[in-house]
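K.L.:
Take a look at what Swiss-Prot says about it:
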- GLY113, VAL133, GLY134, ASP135, TYR136, VAL137, LEU138: S-adenosyl-L-methionine binding site (BINDING)
Amino acid sequence: MWIGVISLFPDMFRAITDFGVTGRAVKRGLLDINYWNPRDFAHDKHRTVDDRPYGGGPGMLMMVQPLRDAIQAAKQAAGDDVKVIYLSPQGKKLTQSGVTELARCKKLILVAGRYEGIDERIIQSDIDEEWSVGDYVLSGGELPAMTLVDAVSRLVPGVLGDMASAEQDSFTDGLLDCPHYTRPESLDGVVVPDVLLSGNHEYIRRWRLKQSLGRTWQRRPELLDNLALTDEQAKLLAQYVQELNAEQQ
């Protein structure tokens with residue numbers, strides 16, 4: 001199985017390529033793991049890989065150009081029939097059935113984010129699927145990517161001595177995150193939502209909360225079952241659903 005990894009810290013993956021079941025699979029040629037560091041694609045002398053988010057707020061996002069160039073380089077190396085995965089708390093929760101689904105792929109590219117995440121337009125244009133390893137926060141996507149590699153590799157023929165072993169293997173406010181955007185303002189004809197450029201912090205707060213509620217309702221509705229929505233949250237979620245229905249008509 002061919003796996004490409006997009007990471008600012010590729011050396012972290014020695015934990016799985018040098019040890020254990022996955023390490024043996026690499027040595028035997030059953031796993032071919034390759035790396036692309038966005039920092040190698042930065043154009044300035046400081047090799048900058050982060051940028052400020054539109055709309056303000058704490059933290060930074062991964063800079064669009066180095067990240068996108070790294071993904072494109074990995075795609076070119078992979079050739080046809082490669083699936084690009086972004087490890088993200090906003091993704092589908094990784095379960096064994098999901099692992100089995102991904103193990104059927106001959107080639108995967110895993111994008112390990114850092115900082116507060118990546119530009120939403122990169123997710124829309126360059127990412128095929130988002131997967132999450134759980135409802136908690138990590139410092140980056142490297143550990144989730146390693147988790148996915150480890151889980152998927154167990155289903156690659158020959159990695160385990162006995163396939164029966166594999167067959168027998170047994171959020172801060174409770175909402176998914178809202179979409180994020182950084183420079184450029186227009187990417188492939190898709191522009192940053194006007195509200196994030198308005199400078200009105202209250203409008204931005206309400207937009208982000210509404211998007212967070214709506215995304216949770218669409219992707220992980222069971223999370224809402226455990227929440228007692230405030231009047232504001234209930235109203236914003238109703239607006240999101242109404243707007244979505246209007247768009248689909």
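For all residues, glycine too, the Cβ spot is worked out from N, Cα and C.
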K.L.:
For each of the binding-site residues (VAL133, VAL137, LEU138), count the other CB atoms lying within 10 A of its CB, then report the residue with the highest count.
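P.N.:
Most Cβ neighbours within 10 Å: VAL133.
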K.L.:
Using CB atoms and a 10 A radius, I'd like the single residue among the binding-site residues GLY113, GLY134 with the highest neighbour count.
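P.N.:
Of the binding-site residues GLY113, GLY134, the highest Cβ count within 10 Å belongs to GLY113.
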K.L.:
In the structure shown, which of the binding-site residues ASP135, TYR136 has the fewest Cβ neighbours within 10 Å?
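P.N.:
So among ASP135, TYR136, the binding-site residues given, the one with the fewest Cβ atoms within 10 Å is TYR136.
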